[in-house]
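Q: Before I ask anything, let me first share the structure, which is written out below as structure tokens.
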Amino acid sequence: MVNMKSVALIVIVMMAFMMVDPSMGAGECVQGRCPSGMCCSQFGYCGRGPKYCGRASTTVDHQADAAAAAATKTANNPTDAKLAGAGSP
């Protein structure tokens with residue numbers, strides 16, 4: 001028969017599993033990148049949730065970020081567009 005110590009241990013273990021943060025990480029970022037759907041925190045670890053995807057983190061899609069930054073730079077600096085040949089006859 002199950003004694004009270006066993007029941008208490010089972011309850012404690014179950015409660016510990018429930019208290020685990022659902023945004024737990026999945027290891028370190030590799031060259032600033034994480035598996036799909038995860039973000040790289042400011043400290044270099046992958047995960048989900050505000051601790052990883054907050055303002056101080058980098059997003060998974062670095063290529064889209066770089067393209068948007070380049071487009072903004074070109075739009076804000078017409079000299080770059082001329083040097084790139086934009087608007088040439």
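Backbone N, Cα and C atoms are what each Cβ position is placed from, and that goes for glycine too.
Per Swiss-Prot, the features are:
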SIGNAL    1-25  signal peptide
DOMAIN    26-68  domain 'Chitin-binding type-1'
DISULFID  Cys29-Cys40  disulfide bond
DISULFID  Cys34-Cys46  disulfide bond
DISULFID  Cys39-Cys53  disulfide bond
Q: Is it possible to get the count of other C-beta atoms within 10 angstroms of the C-beta of Cys46 (disulfide bond)?
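A: Here the count is 21.
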Q: Determine, to the nearest whole angstrom, how far the Cα atom of Cys39 (disulfide bond) is from the Cα atom of Cys29 (disulfide bond).
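A: The Cα atom of Cys39 (disulfide bond) is 9 Å away from the Cα atom of Cys29 (disulfide bond).
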Q: Quick check for you: of the disulfide-bonded residues Cys29, Cys34, Cys46, which have their Cα within 10 Å of the Cα of Cys53 (disulfide bond)?
A: Cys46
Q: If you count Cβ atoms within 10 Å of the Cβ of Cys39 (disulfide bond), leaving out that atom itself, what do you get?
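A: For Cys39 (disulfide bond), the count of other Cβ atoms within 10 Å is 22.
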Q: For Cys29 (disulfide bond), write down the residues of its own chain that are at least 6 apart in sequence and whose Cβ falls under 8 Å from its Cβ; none is a fine answer.
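A: Long-range Cβ contacts: Cys40, Ser41, Gly44, Tyr45, Cys46.
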